[in-house]
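Structure first, commentary second.
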Amino acid sequence: MVVRQRPAKRRGSQPLTPIDAKDALDGVLNDISALDSQLDESTKALTGRTPDGKAFAVPKTRDMLQSLFNPLTPKTSFDMATLAMLSTHMIVAFVFPLATKRWILMAAFAFWRLCYNGGLGWILNWQSNRHGLVALFKRNGWLDPSRGGKIYLWLKTELEAKMGPDYSFESVPIEFNVWLLYRQLVDLILLNDFAAYFFLCSCYLGSAKDSEPWHTYLRISGGIILLVFNLWVKVDAHRVVKDYAWYWGDFFFLIEQSLTFDGVFEMAPHPMYSIGYAGYYGGSLITGSYTIFYASLAAHMLQFLFLSFVENPHIEKTYERPPLAVQVIQKSRNRRLSSAAFDHEKCINGSVSVNSITSADASSFANVSVAAACETRSSIRERPASLWHPDLIVFKNFDLFRASDILIVLLLLYSVGIPLGFMWFTGNKRFVLVYSIFQCICWILFRTLVLGYLLRKQSTSQLITRWFIKRGGNGEEAFSSWRAVYNTVTIMTYGSFSLVGIAAYHWGDALVSNLVLFHTLGLLLTAFHVWSSRSVYEVLGDFGWFYGDFFARDPSMLSLAPADFKLYYTGIYRYLNDPEKVIGQAAFYGLALISRSWAVFALALLLQVCSFLFNTYVETPHMQKIYGAQVRRDSGIVRTVKNAVNKGVGQSVFVEGQNGAAEAPDVHLLSQQQRQGESLSMVDLLTSTARPVKDILLETKGLLSTTTARLAEKTLPSELSKIDHLNLYDIKLLPGAAWRMTWSGKNSVSNKNLRHMYYLGETIRVTWQAPVNHSRRDWIGIYPVTANFSNQITTVSSKGCYVYTHPDDNLLAEMVVGDSVFAGFVKTVAKVKDASGSDDYASVAGLTNGNSVERNGTFAKGGSRKRNSSITTTVQVLQGEALFSSSALPFKVGTYEMRLHHGGTHAVLAQSKPFEITVCETQDIVRALSQQREESDTIIETSVQQEGPDDLEYLSQALLHVINKTFAVTDSHTVALSAESPVAIAVSNGHMGVDDTGDVAVQTEIVEPLESVDDVFSVDGALDEKQARRLGYAIKEYLGVEFASDVLIHAAKHGATVLDVAKRVVEARKALSAYSSATF
C-alpha cells in the first residue's frame, strides 16, 4: 500500500514579541481543538469503495496476535488450524534429532516461503488483474445466502466471530468478506513461515567457531541490534498502514482517505520488504551459520521478486499510471462530454446548426487543420537530434554506428583491454596493477575536480555556453557536448576500477566459505549500486542526470528541459538528499570485497571523498542559488530517526480531504525530463554446430505436440458425444475493410474466390451459431493456420486472442476495464431443422438489447462432424456476433483461422475458413483504416488521389490512423435485458441451461485514443516497451520505416506529436527511396 507525504513545516528562530506570543497562544488553542476534531474523526468508520463504485463503511478489524494467542479470545476454525500448524514446528524442534530436524525445518521454511511469495503472489496477481478471487466466490455462490448453503453459514459464523459489533456480514460487499477470508490464509502462511525460520535458527545456535571471544560478543550484539531494528520497522510500518495495507486490502477495495507517508516509510523504499528483513541477517549473525545466511538471503530475494512482479505492477496501475485501456476510455468519455457541452452551447446561441455540418465540410475542415498544423509547427529537422536519438548513458542506448559510441569502445580497448592482454601473455600483474591504479586516480580526479571546476564556472559565468557561442555554436550544442564528455568520463572511471580489481584479484589459500561469502557480499553491493543509479535516473531523467540546470534556467532554452524548474523529492530522493554522495560508490566497495584488495578499497574511498567535495563546493551552492528554499535540509532518513528519538510516536495515519486512492510514494514526477568473413570463424563453427541441436529440439517439441493431439482426439468422442446438435455449431467471418476493398477492385470475381483479409489492427467481426442450451463458457480463439495438428482439439495457446461468444454473470465477474474477451453477444433466436439438409431460419425476435437488427445472412448447413440421422427435428438456436479487437487481435501479418471451443475446454466445435491479416499500400491507408462510412469514401479517395504517399499532410493522417489502430481499446459494459427480449424469454422457458442467468448482455465499443496530428503520439506522454514494439511494428509494416522501440519511447517522453513522427517518416522514406528497390 502506498501513502502520501505530509509537507513539513519550517520553524523560525526569531524571538517572540508580545503579539507573537498571543498568536502563539491562539495557535496552541487551535491545535488543541484540531486534535479534538481529529479524535472525533478517528471514531468515524472509514469509507471504502469497491471496483464497481459501491461505497460502504469499513468495519474495524481485530489484531491478529490478540485473536490467536489471547486465551480469553474465542477461537475460530481458522485460528485452530493456524495454531495446530504452528505446534507442528515446535514438536519437530523438540522431538527429532538435530540433523533430522534441520532438514525438516529447512524444508518447512522453503515450503512456507514459496507459499508466501508464490502462492499468495499468484492469488494477489489474479485478483489485481481479473478480480479473480472475488469472482471465484461469486461463481460458486459461497457468500450468497440463496446458493451457499452450509458453506455460507459456516463462513458467516467464522467471520462474525473475528469481527466487532460494527460488522454485519450481510451489509458489507462481497469484496470485504473475501478480503477477510484472505486474511486468514495470510495469517496461516506468514506465522508458519516465521515459526519455521525461528526454529530453524534455533537448530544452528552454537554452530559458529569464533577464534576470539570478542568475535562472539560482537557477532551476537550485532545480531540483536538487527533484530530490534527489524521489530521497530515492522511495528512502525503497521502503525502507518494498519491492517488495510498490511493485508493488501487495496487489491480488493479502496478507501476514500489517503495514508500519511511518514515514519519508517521515509527511511527506505518499501521498508517492510527491504529493511524490514534485517532480522534475517540478525539471525544469521547470532547463529554464525552460513546455512542460515544463504537461506535468509534466498528468502529475501524471493520477497523482492514478489515486490517486483506483484505489488509494484498493482501500485503503478492503481495509483500512478492507470492501464492504457483506462486512460483511453476516460479520454474518450471526456471528449464526448466536452463536445456535447460545446454543441449544446452553440445551438443555444444560434451560431450554427449541428445538423448543417456535412461530411464533406468535416473532411475539408480536417484537411485544412492538418495543413495549418504542418505550416505552423517547426520542422523536426530544426529540433535537436537528441529527441530522436537518445544519448548514451553509461552503455544504455549504445549505437554501433554512432561515432562517439565507437570512440568510447576504442578508448576502453586501449586503456583496459590492452593492459589485460599484456597481463595475460606476460603474467606481469604488478606492472599492470601500478598502471591501473595510476589511471584510476587520474580518471577519479578528472571526473570530480576538473569537471567540477568546469561546472562551477558554468554555474557562475556560463563558461561552457559562452565558449560555444563564441565559436558559432549555441546552448544546445554546449549541453550536448557536455553530455558526451561526462558520460565518457563516467565509463572510463568504471572501466579503470574494473581493471584495478582484475589486476589485484587474489585469494591464495583462503577458505572456500570466506571466498563465497565475500563474493556474495560484493555482488550484492554491485546490484545495490545498479539499483540506486537506475532509481536516480528514473527521477532525474536525461536533463537532471547530466546536470542540465547548470546550462538552462528556463524550459524553453533546452529541448530536454522539464516543463518547470522545481524540486520534487520523489523516488530515491524521498529518503536521501543526494544518493550519489552516500551510496553512489557501493559497487566499488563490492569490487574491493570480491578482489580482496586494499588498493581497490582505497580508490573507492578516494572517489567517495572527491564526490563529497564535488557535492559540497559545486552542486550544493548551485542548488541553493537556483532553487532557494525548495532545497530540503534533512533527508527522509534523518527526519525519521529524529522523530523516533524525540517523539517515538508518528503522526496520525489517515488524513481527510482526498476522495479516491492515495498517491504512490514512488511517483516519478520528473520522469518526463527524462560482414561475414571469407574463412569460417570459431563463432560460425559453434553456430553451425548448434543449429542441428536447435532443429532436434524443435522436432521434439513438434512430436510432443502431435502426440498430445492424438491422445486428446481419442478422448474427444466421449466428451463431444454429450453435446446435443453438434452440427449446429458454426462460425463465419464478416467482411472487413480489406475484404471490401478487394471486392471493389474485383467486381467480376465470384464471392467464393475472394480471399478473407483484414488489415493489421482492424476489428474482426464474426457470426456464430449454437443451440440455446450451449455452454456459456464457449469461446472462439484465433491461431496461425499451421499451429495446430488436429481439427478436433486445439493444442497451442491462443495467447490472449480469444472471445467468449455468450458470457454470463459468472464470466463477467472477472471483467475489468478494457477487456476484449467479453465481446460476444446474441442477435437472434431462430428455429432450424437438424439433419434435414434444409435451413429454416425463421426469426422469432430481434436483438437482445431491444434494437431492431437485420440478419447478416444464413449459416452453413451442418458442421464438419455432421451426424447421420434420418430424423428431422426443429431446434432453437442462438445466432450472434463476436468482436475481436485490441488485445484479442493477433498483431502480426500472417494467415490465421478461428476455432469455436466447447465450455472452457479446447475441444473444437467448429472452424472458420483461413483468413489473412495484411497491410495495405501507403496511399490506401486513410481510405482503408478510416472509421467513416462508405458513403464518404469517395470524398477521402478524391483527396488521396490528389496527394502523393510521401506528402506530409497525407502521411500525417495515415500515421494517425495507424497509431489509433495500434492503441485502440475495447470498452465493454453490461446492460440489463428487457423481459420481452428473446434471450430472456428463452431463459424463462428453461431453454438456456441450468447454469445460465441470461439477465445481462454486453455492449462493446472500440475506442481510439488520438484526435488530431497535433496530439502526442502516446496516450499519456509515455510508452512502455510492449506498446513501443507494437507501434514500431505497425509503422514498419504500413509505412516501410523501422523505428527501434527505444527511439519511440524517448520521443514520446519528450512530447513528440503524430506530426513530428510523420515528418521523421517522410525524411526516412525520401532518404531510402533512391537507394532501395522496395516500393513504398
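Positions of Cβ are set from backbone N, Cα and C atoms, glycine also.
Note: TrEMBL annotation is automatic and uncurated.
As annotated in TrEMBL, transmembrane segment covers the listed stretch 214-233 rather than the other ranges in 214-233, 594-613.
Most Cβ pairs under 8 Å with the transmembrane segment (285-307) belong to 188-208, among the candidate stretches 78-97, 103-124, 188-208, 214-233, 511-531. The list of residues near the transmembrane segment (214-233) in space but at least 6 beyond its ends in sequence, with Cβ under 8 angstroms from a Cβ of it, reads 208, 264, 271-272, 275-279, 281-286, 288, 644.
Put simply, of 188-208, 432-455, 484-505, the stretch with the most CB pairs closer than 8 A to the transmembrane segment (78-97) is 188-208. Residues of the same chain lying 6 or more positions beyond the ends of the transmembrane segment (432-455) and with a Cβ under 8 Å from any Cβ of it are 415, 419-420, 422-423, 463-464, 485-486, 489-490, 492-493, 496-497, 499-500, 503-504, 547, 550, 599, 603, 606-607, 610-611, 613-614, 617-619, 622.
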